[in-house]
């Protein structure tokens, strides 16, 4: 495939789609934060999703920042792929990752300050997270003597790909068990879906210009992950609007019925003095 565009119009369209997708993905973090603030509650937001999402974006930030700021890693990249190849990370990639980590971490902070009911992080999620970060530390120890930093950051990139593949599963299961999506922001999903569709649009525009589908099947892993993300977005939309629509009162406001944890458990109640 040629390295230059054949059509200026398609190139402009490609850039426009890319930036709109970037802003859609960036703003997709805010609806959940705002919803939590308004409700003063995180009941309905799955904590496993938060932990896996934080692991995903932290790994991606490490990859993007190291690739963008380290001349040594860039030199290793050019030695492997050729001097004419562009570094696969731009400034907006770093900015997006930093923003994603900050907003996800802030959402985790909301878990500690707002009503969270009986929810907690599952043992499965704790185990997955512990295994992932332990493996990352082992890889760091392996890479250190030979300064094989390019291989190491590729490991972090693989981690973020793996987390992307599984992070939505706990939330989808939780919605199914609760028969409700209250507490899970649909705005987040709509913006995420917008970014995903526009990303596919970008790939399609490039394919039309270059007369090839290599950017779809050449990185089949990324394509499948993108399809999986769109699949979960559509699933959440169906859960929210079709399967488990919120019940509304006479004024059109959602009726929220949530199970919350008591401040004092029965076993912790003080015994009454016998009089």
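The backbone N, Cα and C atoms fix where each Cβ goes, glycine too.
TrEMBL does not curate its annotations; it predicts them automatically.
Bear in mind that the values here come from a model prediction, so they are computed numbers and not experimental data.
If you look up TrEMBL, you'll see 12-37 (among others) marked as transmembrane segment. If you look at the transmembrane segment (12-37), the same-chain residues 6 or more away from its ends with a CB under 8 A from one of its CBs are 5, 45, 92, 96, 99-100, 103-104, 106-107, 110, 114, 183-188, 191-192, 194-196, 198-199, 201-202, 205-206, 209.
Residues or ranges marked as transmembrane segment in TrEMBL: 58-74 (among others).
Sequence annotations record features per position, and here TrEMBL assigns transmembrane segment to 94-112 (among others).
Sequence annotations record features per position, and here TrEMBL assigns transmembrane segment to 124-143 (among others). Through the fold, the transmembrane segment (124-143) approaches residues 47-48, 51-52, 55, 59, 149, 151-152, 155-156, 159, 162-163, 166, 170 of its own chain, all at least 6 residues removed from its boundaries and within a Cβ separation under 8 Å.
Look at TrEMBL and you will find 149-169 (among others) tagged as transmembrane segment. Residues 49, 52-53, 55-57, 59-60, 62-63, 66-67, 70, 72-73, 76-77, 80, 128, 132, 135-136, 139-140, 143, 221-222, 225, 228-229, 232, 236 of the same chain sit 6 or more residues outside the transmembrane segment (149-169) yet have a Cβ under 8 Å from a Cβ within it.
Outside the transmembrane segment (181-203) by six or more residues, the chain places 14, 17-18, 20-22, 24-25, 27-32, 34-35, 39, 41-46, 171, 175, 215-216, 223, 226, 229-230, 233-234, 236-237, 239-241, 244, 246, 254, 256, 258 with a CB less than 8 A from a CB of the stretch. Annotated transmembrane segment per TrEMBL: 181-203 (among others), in sequence order.
Counting only same-chain residues 6+ beyond the ends of the transmembrane segment (223-244), those with a CB under 8 A from a CB of the stretch are 161, 164-165, 168, 171-172, 175-176, 178-181, 184, 186, 189-190, 192-193, 196-197, 199-200, 203, 216-217. According to TrEMBL, the transmembrane segment annotation covers 223-244 (among others).
Note on the transmembrane segment (94-112): residues 22, 25-26, 29-30, 32-33, 36-37, 42, 45, 47, 50-51, 53-54, 57-58, 60-61, 64-65, 68-69 of its chain, located 6 or more positions outside it, place their CB under 8 angstroms from a CB of the stretch.
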